[in-house]
Amino acid sequence: MPALDPTPTAISSAAAAHKASNKAGEPKDSKDAPTPPVQILASPQAQVVRHLQPALLVSLLLARFRALVADPVSALSSALPLVVAVQVTYAVVCLPAVGSQNARPAKKARPGEKRKAGPESTGPNIAVTTLVALILSAIASLALHLILVLFGAPFLTHVEHTFLCSAHLSLLGLFPLFYTRGVSSSDWHEILSASAPFDEAFGGLVGACVGAWLGAVPIPLDWDREWQKWPVTIVCGVYAGYLVGKVLGGTLAFSKRFS
Amino acid sequence: MPSRNARPKPPPTEFKAIAAEWARAKQLKELEDAVQKKPESAKADDARRAALEAHRKKAFERRCFWTIGFWGWLLCIHIIGILLFTSGFLLTRLVLDEQSKCDNPPIEPLIEWKGKGTVDGGCWHPKTFDKAVIVLVDALRYDFTVPVEEGDHAEVYHNALPFLYESSVQSPGNAFLRPFIADPPTSTLQRLKGLTTGTLPTFIDIGSSFAGTAIEEDNLLIQWRAQGKRIAHLGDDTWTALFPDYFQPNISRAYDSFNVWDLHTVDNGVLDHIFPLLKPDQAQKWDVLIGHLLGVDHAGHRYGPNHAAMTAKLQQMNGFIQNLTKEIDENTLLVVMGDHGMDSKGDHGGESDDEVEAALWMYSKKPVFGRTQPEFKTPPATAKIRPVNQIDLVPTLALLLGIPIPFNNLGRPIEEAFIGLKGSAWDVLAAASSITSAGIRRYQASYFKARGIEQSTKPGSPATLWKDAEALVQAGTKSVSWKALYNAYTAYQEETLRICKDLWASFDIPKMILGVITMAFGVVVLLLYVSRDEDEDFAVLDNAELDFAERSLELQQGSPAEPEIASYKSFSRSLAKTGLLSGAIIAALSSGLVQITGSGEWLLAAAATAIGSMLAVTGVLLRIRGIRILNLLPNTPWGWLSVVFTLSQSIGFASNSYTIWEDSISLFFLSTFGFVSAIASLQLISVRDRTLGIYHSILFVVLARVASFSKLCRDEQMPYCTSTYYASANSSTSAPWQLAIPFLVFLILPSIIKSYMQSSRSYEGIAPMWIGYVFRTGLFLAAVYWTLDAADNGDWLTSIPEKLLKTIHVSIAQLVLAVAFVAGTTAFIWAPPCVNIFTTAANSSRAQITVLGFGNAHGARYLLLPINIAAACILLSKPMGGGAIAIMLWQILSLAEIVDLNDLSAETIGPVTLALLGNFHFFKTGHQAVLASIQWDSAFIPLLTLRYPWSPLAVALNTFAGQILAVTSAPLLAMWKTSPKRRGVLESTSRALAALVAYYAVQSLATMAWAGHLRRHLMLYRVFNPRFMMAAAVLLVVDLVAIGVALLGVRTNVLAISEVFGFAD
């Protein structure tokens, strides 16, 4: 490996060996088979909740928008438990917890059996998985906070604003991924390098990030609107982007990848 | 150590030693190869090889010549485009040096009086007052002073300042109130120029000195001073900037004008100090007293006019003016006026009605003012009725106080002041008007002469109007004709003013459009040049076997006759030849045409030349090279990213907000690049590459964020921005803690560069000496310089005489610049490659030659050039800016690593990010896209007095440090980690440079187009125009540096590398 760095190089006719081959053309079939996208559970409840969740999030944002503009910190912090509830319900009902796909491949498909499934399952403990995913999301929101600061968010002032904003981003974008993918390093390598297949969770993350990026666009305008204040536009961008990304990721773009 | 710095040349022996060692090692190896292969005539081979080398060297130098030719052609295109647009857009006015003289009136006065031609009696007109108190209430809009019936749409700012209106209604002989129309731009500084000189402001007044804001042309204050009047000033410090050393030192008090949040300091200062000066004992100390209050303006900026604070401020002014009228004596004139109005949000700068409509009120204790018609006793209800121009104040004040009218005046006397108490003194008014008109006529004659323009003599022109008035004077002096005479003079003055406004305030739209077209076409040519098909040219660049085959082919042919092997070799030649040739032909034709027709439209000839030669070059690019228009669209995510960066910023320049906040937006884009590159690095296969890629990406972003703490806010960013560049908002010196920065740079920066070079084993050759000692010493001296500078400013070292201290630190600065530029350039030209060649004794039968730093031979050696430039820039920037430049250099190195690791050297994203980085650090070195942020004092870092061309050069290096360093480093992105076997180095660096220049060209095109489109926008002079000027200046600087530093540097570098390793192509 180190040989590809242009360190001591012997001069023979083939001396000018270069690293081109190792780079851009990077073969996709590296070590193991590509990770499959995460399917939504097939139960009718899952289908209902799957569509209910975006509606709930949108109505929450719309209902609290005035409060968000008036006092972002209190609005964001008071909305946090609600968002947690919505996301946890969505995850538990709609998404297969990490490990469940290996444990019981297609059993959930049967509609009548659902009630028994929970306690009996030899698969993952839903409660523990949820809790761990929540804790991981909380930790990740610290990292997101840092990233927001790197993009130019205030460093010393508005700490609560920025942190709450990143907490929401983390809950929407990262929590479903922690829930479905756990801490598998290969999965996360794929997710972070943007080469994971699109599903609702990954699509949501990409959408939320793009939304947050675009959310910064109106801030500098001199319209003197209350809603231009930090971090209202970012939060709105995150929600809008998350919903769009989730819907697209679950439907049109499902199992596709960034080439 | 200094002795080592000063040594101009590194030992040539070192260079030779490496070359010799390389040759010996090579020979050794060939010998062994020869033993294994068939024995050939080694000598003949050597001769052929030498011939081939010479041939290749010559070919390379020719390619350099044509590449530079192409860039020179491009520079001409850019110059023509900018000139075309500027000539239609940036209106300029010549500043004449002539001054009016008391005993030399422009025409013999029409009336006689006692003491004619003396200051005591009145120079050009009988004097009315001995003294004057001039109170300027900043942003006093006319409708603030007009009472409105309660409930009848009365706003909170109405009825708060009724005194002006009431007094002129109640005692019209003592006071009058009229709307007072400002000429845009309605910023205080420009207004003060108009109010004291009587001319119309243009964006650039071409004067004789290149720095400073002091008014040079004839004005009221010059005249007062010349006639021995003493001037006292209280309030806004803009006056002291415009009129340095004019004011009586003990009684004048200037206050900072930029703290918009402070409504009271300036006003209270004026209020506290003005009344004592009006007391009889103090009143002997001054003849003219100027008070400039800012409270109303600041209340407008902070709250807008519709706020209780505004009411309170206006009420305070009301009481203040009332008290003033009680305190002044009979021989003193009191003038209260606004310099501009304010818009509905309380801001100003543009030319909307609310902004230009100010109020003028004059008061005298003895009744002297009259009205030409009885109904004029009531002041106008709105500013649309009977307004006077602000420049009219100039002749009025001058004649009332008995001084000559300033030479450049275009205003006319205000009738109330001369018509007499009864409103019948038409002779006096006509005399005042006559002398003013003659002054205007004299000024116009001088101006047109200086500009070399003929004055029109058509019917209705000022010349014929003047003749009409003269005819009346000749006719007779009966009382009836005085009024007619006054009207004739007024007609002359109005027409002259109209012509001057046309001359100085209208845009030449066809020229502007032509300029935009030229620039746009230039951008297209650049993009075509950048997007030429990479595959066909450079696909086999580093293929050693092909090289070997080609070499032996060329060897066998003996002296190869220009083989058409690789098209890239003749690419720039055909471009440059086409461009220059067609340009020359069209230039000759069109200038011949201009000569024959005598139209004098040289710029149009230039435009034809530029566009014609660009058509030819585009033809070459499209047809001969087979480049399709489709190539312009990016085909990779990276390409799209650079399009997003460039395009979104260009669109953003249409909005004043995005232009104002460009510094934060640049950070946002730089962070975006960093995160995208971190994601891309995660896709790399090799763990080592992946880790390095992520590390450098994160480092790049973090460094940008750290640099972003250095801020210099522009006015428009207030109050959401805190300046950190200087010690405080109203100083231009550094805080003591900032002195730590240059020392940190001195300690850390060389080690950082060393670490980047060591990663490719390139910290060899001259590098340890130059970077470890010379560069470090330079940085240390720069730090010492700034410490001494701070000591000088803060009077820390009182024991050393100031002059000696100045000499010492100027010498230090000169030493650093000499090391960076003179010794640095010499070293760069003569330095051997940063490699270390040694032969390991073979443990097998073969000898092994090891070249440390072989893989980065091009990049490592070229790096010395940006380092030298950075050293000079660090010295010429303030400590905070020096830190920013050091960070920038670090970021550039990380960027080069990112580009190398992700294999992006063929992409445009590297140069585009670099260009963005250059702009970002323009802001981080204490600049903004406003003229006021130019750090003129940097001219005095290396010099004690102004010296051309060095002083402007120092200012340019200070101002454009970021962009200059970016251009100089652009070749680094194409050359970092490339070995001497790399082919087409010149072409790929020229391509990287073109991508970088394309970014700046797009920016100047966008700002140009938007400024032209928004030429009636309120913020034109404050936001769009300065940004355009910055972009145009940056583009030209970048072009020049690309040619003069970067391309020549690449040439030198390739020659030096190939001298040792042989030419790769």
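Any Cβ shown, glycine's included, is placed from N, Cα and C.
What you are looking at is a predicted structure, and each value in this text was computed from that prediction instead of being measured.
Taken from TrEMBL as is:
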TRANSMEM  B:65-91  transmembrane segment
TRANSMEM  B:512-530  transmembrane segment
TRANSMEM  B:578-596  transmembrane segment
TRANSMEM  B:602-624  transmembrane segment
TRANSMEM  B:636-653  transmembrane segment
TRANSMEM  B:665-685  transmembrane segment
TRANSMEM  B:692-710  transmembrane segment
TRANSMEM  B:735-753  transmembrane segment
TRANSMEM  B:765-788  transmembrane segment
TRANSMEM  B:808-831  transmembrane segment
TRANSMEM  B:953-973  transmembrane segment
TRANSMEM  B:1028-1050  transmembrane segment
Outside the transmembrane segment (B:953-973), six or more residues from its ends: residues with CB under 8 Å to it: 859, 862-863, 865-866, 869-870, 872-873, 876-877, 881, 884-885, 888-889, 892, 895-896, 899, 905, 910-911, 914-915, 917-925, 927, 934-936, 938-939, 941-943, 989, 992-993, 996-997, 1000, 1033-1034, 1037-1038, 1041-1042, 1045-1046, 1049-1050
Feature contact check the transmembrane segment (B:602-624) with the transmembrane segment (B:512-530), CB under 8 Å, 3 or more pairs: yes
The transmembrane segment (B:65-91) in contact with the transmembrane segment (B:808-831), cutoff 8 A, at least 3 CB pairs, sep 6+: no
Long-range neighbours of the transmembrane segment (B:665-685), counting only residues six or more past its ends (CB under 8 A): 637, 641, 645, 649, 652, 658, 692-694, 696-698, 700-701, 704-705, 708, 898, 901-902, 909, 913, 916-917, 919-920, 923
Same-chain residues near the transmembrane segment (B:602-624), Cβ under 8 Å, at least 6 residues beyond its ends: 73, 76-77, 80-81, 83-84, 87, 511, 514-515, 517-518, 521-522, 524-525, 528-529, 532, 574-575, 578-583, 586-587, 590-591, 593-594
Contact set, same chain, for the transmembrane segment (B:578-596): CB under 8 Å, 6 or more residues outside the stretch: 69-70, 73, 76, 602, 604-606, 608-610, 612-617, 619-620
